[in-house]
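K.L.:
Mind having a look at this structure? Questions to follow.
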């Protein structure tokens, strides 16, 4: 079974209670459960990990090589600041789909810049928790023989 890592960055452990008007009321546990179930329905094994620490996220990306075939990444605020995450993604040569619950392009100007997007397969934002499932679908299609490039 194809294995995918779903990686959540800083403050995503507070989903459901942190700014629900922006991020919704779905908790991280609910997101993870939905990702695992959705992945199974697509023939994917899904592992989920959250950290508030940039180095731990870099370590998780490095450790994914040889274990997982792709990564769904919501880097949170590190999207806009972390060259380390960008370099980690480039170094493992795995397809990454960047996810954001809110539409980062419709928010504050500093959120319009993503250091992840240039090294990602694609970006999904503004669809709430559904964005994670869309990202899993995108990776499944990309990794299928028909989606190979």
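In case you wondered, yes, glycine gets a Cβ from its N, Cα and C as well.
Quick paste from Swiss-Prot:
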{"type": "SITE", "residues": "18", "note": "site 'Transition state stabilizer'"}
{"type": "ACT_SITE", "residues": "23", "note": "active site, proton acceptor"}
{"type": "BINDING", "residues": "74, 80, 87, 101, 102, 111", "note": "substrate binding site"}
{"type": "ACT_SITE", "residues": "100", "note": "active site, proton donor"}
K.L.:
Between the recorded positions 18, 80, 100, whose Cβ has more other Cβ atoms within 10 Å than any of the rest?
P.N.:
100
K.L.:
So which recorded positions out of 18, 23, 100 end up within 10 angstroms of residue 74 (substrate binding site), measuring C-alpha to C-alpha?
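P.N.:
Those close enough are 100.
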K.L.:
I'd like to know which of these binding-site residues, 74, 102, is least surrounded, judged by other CB atoms within 10 A.
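P.N.:
Output over binding-site residues 74, 102: least Cβ neighbours within 10 Å is 102.
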K.L.:
Work out how many Å separate residue 87 (substrate binding site) and residue 23 (active site, proton acceptor) at their Cα atoms, rounded off.
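P.N.:
Here the two Cα atoms lie 27 Å apart.
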K.L.:
If you measure from the Cα of the residue listed as 'active site, proton donor', which of the recorded positions 18, 23, 80 is the nearest?
P.N.:
23
K.L.:
For 23, 101, listed as recorded positions, tell me which one has the smallest number of other Cβ atoms within 10 Å.
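P.N.:
Checked 23, 101; of these recorded positions, fewest Cβ neighbours within 10 Å: 23.
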K.L.:
Reported as an integer number of Å, what is the Cα distance between residue 102 (substrate binding site) and residue 23 (active site, proton acceptor)?
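P.N.:
Just about 6 Å between their Cα atoms.
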K.L.:
If you count Cβ atoms within 10 Å of the Cβ of residue 87 (substrate binding site), leaving out that atom itself, what do you get?
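P.N.:
Excluding its own Cβ, the number within 10 Å is 13.
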K.L.:
Could you measure between residue 101 (substrate binding site) and residue 23 (active site, proton acceptor) for me? Cα positions, answer in whole angstrom.
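P.N.:
If we compare the Cα positions of residue 101 (substrate binding site) and residue 23 (active site, proton acceptor), the gap is 6 Å.
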K.L.:
Compute the C-alpha separation of residue 18 (site 'Transition state stabilizer') from residue 80 (substrate binding site), stating it in Å without decimals.
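P.N.:
It is 19 Å, counting Cα to Cα.
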